[in-house]
Every structure is written in structure tokens, then in C-alpha cells.
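Database features (TrEMBL):
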{"type": "BINDING", "residues": "S28, G29, G30, L31, D32, S33", "note": "ATP binding site"}
{"type": "DOMAIN", "residues": "349-421", "note": "domain 'Lysidine-tRNA(Ile) synthetase C-terminal'"}
Amino acid sequence: MSQNPVLLALEECRSQLSAAGQLFVAYSGGLDSTVLLHAAHKTCPDRLVALHANHGLQAEARRWQAHCEAFCEQLGVAFASTELSLEPAGSGMEAAARDARYRWFEDRIGRGGVLLMAHHQDDQAETLLLRLLRGAGPDGLAGMPQHRALGAGSLLRPLLSLPRRALKEYAEESGLSWVEDPSNGDMRFDRNYLRREVMPLLERRWPGYRSTLSRTAAQLRERNEHLPAPRLSTVQGCFGDPGFLVAALPEEPALAALALRDWLRERSLRPPSAAQLSEFLRQLREGRGARLQCPEWTIERYRDAVYLLPPPLDTAPEAGAITVGESLFWPGLGRLTLRREGAGNVPGLMVTTRQGGERLELSNGQHVELKTVFQELAVPAWWRPRVPLLIQKSGNHEVLLAVGDLRSSPRAESLGLRLLLKREEFP
């Protein structure tokens with residue numbers, strides 16, 4: 001076995017690498033990811049794909065992408081890239097770039113894939129110090145884990161125990177070339193200021209501070225993993241949304257936050273900041289509408305429970321004709337099929353979404369507003385614009401026959417018509 005620390009670190013992860021269906025390397029073209037890609041190619045060359053995310057934030061972004069592609073061609077490693085469209089939220093452009101990058105990674109690696117990232121001991125120290133200065137809670141101060149779930153696959157940081165100088169030595173010994181991001185010298189960014197101004201002072205006074213911080217983070221992470229959190233009573237919304245009962249949250253805020261973080265992690269969702277979590281729990285305690293929106297997910301209270309909302313629609317449902325036996329995809333819900341007990345088609349049938357003013361006939365002959373039907377069926381507000389409605393049209397006259405597969409009118413029943421919905425899976 002090679003005694004080079006970089007290759008040795010990868011060898012120590014051999015069992016995890018061997019078990020992976022496909023291996024991916026997050027490859028920006030910088031020093032760290034170049035070293036990881038080169039070493040991973042030496043360790044397991046056959047199943048390797050380099051993933052390059054072009055954020056378009058630098059004038060040299062296309063040149064960097066070309067450099068990365070050329071290096072992969074030289075190694076004989078498959079290369080995949082994407083140009084990300086960024087929509088900065090309140091957390092800024094840097095956070096938006098990170099979130100967009102991770103979403104692409106998650107989609108790309110698929111089920112059973114393992115994404116290798118080049119974070120090292122210096123990165124861990126920077127992350128811990130920044131989080132401490134920003135008032136992070138126990139989860140944040142546990143630092144970056146070496147291994148965690150990422151969508152249907154997983155993320156692995158094999159170099160997390162190595163100082164950056166070990167990666168620099170490997171690159172120089174191997175004759176590697178890499179790109180330099182000029183933004184790394186921009187002192188307006190907290191991480192750059194910490195790296196260039198603060199950490200050298202810490203190094204002079206406490207030379208081993210990086211490994212000490214990493215050890216403390218590992219101990220806290222182990223404690224977090226073994227500290228029993230209260231289990232939340234889970235429920236499911238009418239369209240499969242996972243949720244939990246508000247009454248199941250402990251009264252003690254710290255325990256409530258711990259329970260909610262665990263509930264999110266069980267669904268492979270990154271927990272929010274301590275401040276966001278505290279504000280959401282305050283809203284719940286006050287009994288008014290509570291909503292917590294993060295870049296990758298949103299939870300919201302509806303009646304006595306909190307639900308994970310479905311992701312935003314890429315394509316809105318479109319109204320159109322439907323015939324008996326026809327099956328079509330309904331965006332955001334799943335596969336929609338129209339069935340009929342009995343032979344023959346029924347003319348003038350359409351599926352559409354709520355337009356306003358719809359009324360459904362009841363078994364007693366009375367008609368009620370669609371809003372009332374939604375309330376009786378406990379359909380949350382975020383689903384109401386998406387629910388497929390079965391309409392029969394005759395000239396300018398329209399009759400509402402069914403509200404998804406939740407409720408049908410007497411006329412739909414007399415015609416033997418039923419909408420069937422095979423729902424998509426939720427996290």
C-alpha cells in the first residue's frame with residue numbers, strides 16, 4: 001500500500017468505494033479537486049465520472065471548464081458538466097451557487113452513486129470557526145461529516161483528515177496543474193478573511209489547532225448521533241405529503257429543535273440554521289400560520305400538522321380532453337387514468353385545474369363550492385391549484401364531475417366514471 005497520505009486516505013475508504021454503484025468526483029479544476037480526481041483515478045479508475053458545475057460567476061468560467069475537460073481526457077476519465085442558472089435568495093449568491101451545485105450533484109449521481117468531495121482539514125477548521133462566529137447550534141458545530149446521504153446516493157469526503165499542505169505536496173510531486181479562482185483573494189468574503197488573516201495567527205500560537213478542532217467536531221457529531229431525540233408522530237397528507245403532528249413536538253424548545261432536525265434528516269433534507277428553526281418553532285407556539293422555506297424544501301403547518309410541501313412545478317398542468325381508458329401524466333401528482341364501469345365513451349370530458357366558481361353536486365341534489373369540498377377533504381392550500389378536476393362540457397355549459405380521486409358527483413357515479421391517480425413518491 002502506498003504511504004502517500006492522499007492515496008492512503010483513499011485506500012482507507014476502499015470498502016465504501018468498492019460498494020458504490022458508480023463513483024463521481026466533484027471537480028472544479030482547483031488544487032483540491034484536481035488532487036482528489038488524480039488520486040481517485042489511481043485508486044479506482046474504472047467507475048469514475050468527473051462532475052463540473054459552471055456557475056458562470058467568473059469571466060474565466062468557460063476556460064476553466066475547458067481545462068477540466070482536457071485534464072479528464074488526459075486521464076481517461078468520463079466528464080460531465082452543466083451551466084447553472086442561479087437565483088440568489090436572501091443568503092446571497094455564494095449560497096445560491098452552492099445549493100444549485102448540490103441539487104445537480106444529487107440528480108446526477110442517482111441511486112447508489114457515491115460523490116467524492118475534496119474538503120480537507122483546513123476546510124473543516126474554517127467551517128467550524130465561521131459557524132461558531134455565526135452562532136451555530138450543536139449540528140453546525142459538529143462540522144462536515146466524512147460520509148452522509150445525498151439524495152438516493154451518498155457523499156464521501158476521503159481527504160477530510162488531511163491538511164491542505166498534504167494536497168499541495170501531492171500536486172507538486174505529481175506535476176499537476178490547476179486553475180486559481182481570483183475570488184479566493186477577495187477579502188469581502190468571510191471565509192477568505194478567515195483563511196488569510198486569522199488562521200495564520202492561530203497557526204503561530206497553536207500549531208495543531210486544525211486537528212484539535214476536527215477532533216472536537218467529531219466528538220460532538222458522535223454525541224449528536226447517539227443523543228436520543230424525541231420521535232415525532234408522523235402523518236400523511238391527502239396526496240402523500242409526509243408530516244408530523246404539532247402536538248408531538250416537545251414543549252422544551254431545544255428538544256423540539258432536536259426532534260425536528262432528526263425528522264428532516266430522516267428524509268435526507270438538510271436542516272436549516274438555528275435562527276430559522278427557532279423562528280419556525282415560535283410561529284408554531286403562537287398558533288398562527290407557520291412556514292419554513294429553504295432553498296431545497298419547505299414545510300408548512302396545516303390544521304394540526306406540519307407537512308413537507310411538494311417541490312415547485314417545472315410544468316404547470318394543462319387543461320385538455322380525456323377519454324375513457326386514457327392515461328396521462330399530471331405534473332406534480334403522478335399518473336392520471338379515467339376509468340368507466342360499462343362500455344362506451346362519454347362525450348365532452350376534460351381534465352383541468354381550479355379556475356374559480358366551480359360547484360360540485362352532492363347526493364341530495366344540492367351544490368357546494370369547490371372551496372368547501374377542499375375544506376371538508378382537508379386539502380391544503382398548496383395542493384388546491386394542482387388537483388385535477390374532471391369536467392363535462394356541453395356548449396358553454398360545464399359540469400364538475402369529480403375532484404381528483406377524492407370525491408365524485410352523483411352524475412359521475414351514474415355514468416360509472418372514476419378518476420384514478422397513481423401518486424408520485426415523496427421523500
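From the backbone N, Cα and C atoms, a Cβ is placed for every residue, glycine too.
TrEMBL entries are annotated by machine, without manual review.
Using the Cβ center of S28, G29, G30, L31, D32, S33 for ATP, the list of other same-chain residues with Cβ within 8 Å runs, in sequence order, Y27, T34, V35, A118, W178, V179. For the domain 'Lysidine-tRNA(Ile) synthetase C-terminal' (349-421), the DSSP counts in helix, strand and coil order read 13 helix, 30 strand, 30 coil. With respect to Cβ neighbours within 10 Å, the binding-site residues G29, G30 differ, and G30 shows the lowest count. Here the domain 'Lysidine-tRNA(Ile) synthetase C-terminal' (349-421) returns a mean pLDDT of 91 for the predicted model. For S28 (ATP binding site), the same-chain residues 6+ apart in sequence whose C-beta sits under 8 angstroms from its C-beta are H52, A53, W64, C68, V179, D181.
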